[in-house]
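Here's what TrEMBL has on this protein:
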type     : residues : note
TRANSMEM : 23-44    : transmembrane segment
DOMAIN   : 36-294   : domain 'G-protein coupled receptors family 1 profile'
TRANSMEM : 56-75    : transmembrane segment
TRANSMEM : 95-116   : transmembrane segment
TRANSMEM : 136-161  : transmembrane segment
TRANSMEM : 181-207  : transmembrane segment
TRANSMEM : 236-257  : transmembrane segment
TRANSMEM : 277-296  : transmembrane segment
Amino acid sequence: MNNTISSLPAPYNFVQAAKQPIMYTYLITTIFIVIMNILNVWVLSRPVLRSSSCTYYLLASVMPVPIFIIVTPVNQILVNNRGLYISGTTVTCKLVMFFISTSSLWYASMLVCATIDRFLTSSTLVHLRHFTQVRVARIIIPINWILILIYMSPFTIIYYYDPMSSNANKCVQYSTTLISIYLISRVIVYYVMVPLLLAIFGTLTIYNIRTQRHRIAPVNQFNGQRRTESQLARMLIIQVASYLLFFTPSGIIYILVTFFPSLNTSYYATIRSLAGAWQQGGYFISFFFNSSRYILPEKI
């Protein structure tokens with residue numbers, strides 16, 4: 001009887017079992033993110049592309065990526081491999097939570113600006129095309145970043161370091177009605193408005209191109225024009241679908257953990273890490289999106 005009991009397998013530990021896959025996933029995707037974004041900067045920095053305002057938005061979308069790499073994948077690798085939390089002090093607890101959210105919104109906002117720029121470029125209205133000048137992009141980018149910094153600044157005060165907390169990283173969120181309202185607004189902006197704007201202006205861009213094609217060349221359909229249209233349509237569909245595919249799971253987990261503190265356990269923290277690892281794909285495949293974007297504005 002004792003031999004039978006001693007031979008029973010140990011109970012499955014999901015948290016422990018997920019540590020190694022999460023660490024390797026973050027490590028591999030981090031390498032891809034670095035390589036793809038270096039290539040992205042190299043391609044977009046070519047002189048022939050610097051005359052396009054869209055190029056500046058795409059270059060600006062790369063800038064928050066190094067911050068994201070430090071506070072998310074590198075942090076997760078250290079946690080899973082060494083048990084070291086970057087957010088494990090009074091100051092870094094606030095800064096890590098701030099930069100995790102801010103870098104993601106910076107990145108998303110620049111993609112939205114690039115999409116709107118393509119729509120304006122394809123417009124038949126001259127006064128709209130005036131907003132696609134490089135000098136306009138140079139003004140919009142810093143203003144956009146300043147507004148995001150102001151909007152995300154509450155993250156530096158809604159989290160605090162509690163050495164007595166049951167959370168592994170000891171970084172705890174205050175729970176008040178005002179904070180809940182603010183976090184809801186962030187969810188709406190990041191997980192609803194961003195993909196919605198990408199879809200709306202992407203669709204309008206396709207409509208503008210088709211309208212111009214039928215008006216200017218209703219009979220002769222050049223292969224180059226058909227190729228440009230199909231590239232644009234495919235790129236926009238993949239861009240929106242990819243954003244939803246890679247960012248929605250982490251958004252759902254974020255909402256659950258944020259508004260239901262009882263779910264803030266090691267089990268759900270592991271699920272959130274898995275969702276975060278999945279979200280990584282939304283950053284390194286952006287190179288393929290950008291390689292289409294820098295060609296399209298010139299052809300439009």
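In case you wondered, yes, glycine gets a Cβ from its N, Cα and C as well.
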### Task
Give me the stretch from 23-44, 95-116, 136-161, 181-207 with the greatest number of Cβ pairs under 8 Å to the transmembrane segment (56-75).
95-116
### Query
What stretch, picked from 23-44, 95-116, 181-207, has the most CB pairs under 8 A with the transmembrane segment (136-161)?
95-116
### Message
Considering every residue in the domain 'G-protein coupled receptors family 1 profile' (36-294), what is the mean pLDDT value?
### Response
78
